[in-house]
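Asker: Here it is, the structure, as structure tokens.
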């Protein structure tokens with residue numbers, strides 16, 4: 001059957017006519033994905049992404065205890081027990097971290113593996129003869145909701161509760177996430193908010209087990225927030241982008257799971273589609289994408305090569321100490337700051353040999369300095385313009401000041417000064433040079 005007709009309402013192959021088709025499953029998957037994405041954004045910015053994985057393993061004892069109390073797999077006690085156990089796991093992780101020398105990552109490993117093991121023991125002792133399907137808990141079965149669409153309602157209520165909490169307490173959530181000390185000074189209960197997030201996380205994770213499973217719930221918890229973080233630094237935009245990512249991943253993944261395409265688990269296809277969206281974002285995001293970072297690094301390397309070329313030519317054509325003076329106090333944009341004599345030229349082959357640059361890179365750097373108006377070239381010779389000399393003098397001043405800073409403030413030996421100064425000189429403009437100079441004068445003894 002054509003998957004596009006399936007989306008438009010035709011029943012999927014293998015399902016009886018009259019049952020709801022694509023939309024109940026898509027709605028349930030969207031509700032789960034968006035709910036996990038929204039709560040996951042707060043975990044990503046708090047640096048607690050792995051906590052979702054820990055809770056997904058830790059709730060197993062709560063599921064078993066809830067089943068033993070309610071005597072039914074449909075009992076609400078399972079949700080209550082699992083949520084309570086998730087909260088207990090979060091409290092234990094915090095307690096181990098705060099009251100021992102164990103770091104947070106180690107405390108996560110200790111708590112969730114122990115609770116998961118306890119859950120396995122409880123199953124073997126008390127629930128070994130019952131139909132507790134571990135496959136459903138681990139891998140999920142979102143297709144099940146085509147037969148029981150009424151189960152969409154609990155997940156819709158959870159998502160509605162998450163949205164309501166975020167609308168009512170967004171300011172408190174934001175401040176306590178990024179600056180807990182400021183939150184406490186303003187009277188915002190940062191600790192209470194932290195455990196509230198943990199409670200909502202536990203409830204959402206457990207409620208999503210039947211739809212996407214514990215393993216895939218963790219992926220949906222982290223991937224949308226991580227993807228959105230690549231595109232923006234604003235929390236509201238991050239939440240919107242994460243929700244959009246969740247909706248797209250659910251739609252694309254469930255469509256790909258159609259028998260005529262991949263014929264695979266809808267839950268796995270949804271998570272795989274989410275990862276695919278993350279890869280695309282990682283590649284093309286404007287600031288944090290690989291392509292953007294490559295362009296920035298390439299531009300930086302080109303600028304550094306051009307400035308090194310200008311500096312080398314300046315040193316060869318102006319060997320007297322007077323030309324190395326700091327030009328920051330001289331009038332900019334005029335030629336009166338240059339020495340009276342006409343600058344001499346230097347062979348381009350000699351400059352390339354000193355810089356130890358490949359011919360292709362050297363030619364590109366030479367074209368760059370010419371386009372910037374720093375130099376002229378002809379007949380195998382390079383001549384700096386007044387602007388080129390001023391740029392070289394600025395680099396020399398930055399180099400000298402940074403060496404002085406490292407010697408005076410950091411205490412580096414003289415033979416350790418040149419290499420870091422050779423790098424930092426390219427990042428110091430005139431304003432920063434003046435600030436550095438004033439700081440050094442202020443800190444100078446006597």
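Glycine is no exception: its Cβ is also placed from the backbone N, Cα and C atoms.
Unlike curated records, TrEMBL annotations are generated automatically.
Relevant sequence annotations retrieved from TrEMBL are reproduced here:
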TRANSMEM  22-45  transmembrane segment
TRANSMEM  50-70  transmembrane segment
TRANSMEM  76-96  transmembrane segment
TRANSMEM  108-127  transmembrane segment
TRANSMEM  152-174  transmembrane segment
TRANSMEM  186-205  transmembrane segment
TRANSMEM  211-231  transmembrane segment
TRANSMEM  238-256  transmembrane segment
TRANSMEM  268-285  transmembrane segment
REGION    315-343  region 'Disordered'
COMPBIAS  318-331  compositional bias 'Low complexity'
COMPBIAS  332-343  compositional bias 'Polar residues'
DOMAIN    385-440  domain 'Iron dependent repressor metal binding and dimerisation'
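How buried are these features, and what lies next to them?
Answerer: Non-local neighbours of the transmembrane segment (22-45) in the same chain are 6-7, 9, 12, 51-52, 142-143, 145-146, 149, 151-152, 155-156, 158-159, 162-163, 166, 173, 177-178, 197, 200-201, 204-205, 207-208, 211-212, 217, 220-226, 228-229, 235, 238-239, 242-243, 245-247, 249-251, 253-254, 266, 270, 274; each lies 6+ residues outside the stretch with a CB under 8 Å from one of its CB atoms.
Residues 51, 54-55, 58-67, 69-70, 102, 104, 107-108, 110-112, 115, 195, 198-199, 201-203, 205-207 of the same chain, all 6+ positions outside the transmembrane segment (76-96), place their C-beta atoms under 8 angstroms from a C-beta of that stretch.
Sequence-distant contacts of the transmembrane segment (108-127) (same chain, at least 6 residues past either end, Cβ-Cβ under 8 Å): 50-51, 53-55, 57-65, 67-68, 85, 89, 92-93, 96, 102.
Listed as Cβ neighbours of the transmembrane segment (152-174) (distance under 8 Å, sequence separation of 6 or more from its ends, same chain) are residues 24, 27-28, 31-32, 34-35, 38-39, 42, 145, 183, 188, 193, 196-197, 200, 203-204, 207-208, 211, 235-236, 239.
Residues 29, 33, 139, 142, 212, 216, 219-220, 223-224, 226-227, 230-231, 245-246, 248-250, 252-254, 256-257, 262, 291-292 of the same chain lie 6 or more positions beyond the ends of the transmembrane segment (268-285) yet place their CB under 8 Å from a CB of it.
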Asker: I'd like the per-state residue tally for the domain 'Iron dependent repressor metal binding and dimerisation' (385-440) from DSSP, helix first, then strand, then coil.
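Answerer: Secondary-structure composition of the domain 'Iron dependent repressor metal binding and dimerisation' (385-440): 49 helix, 0 strand, 7 coil.
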Asker: Out of 50-70, 211-231, 238-256, which stretch has the largest tally of CB pairs under 8 angstroms to the transmembrane segment (186-205)?
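Answerer: It is 50-70 that shares the most Cβ pairs under 8 Å with the transmembrane segment (186-205).
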Asker: For the domain 'Iron dependent repressor metal binding and dimerisation' (385-440), provide the mean pLDDT of the predicted model.
Answerer: 88
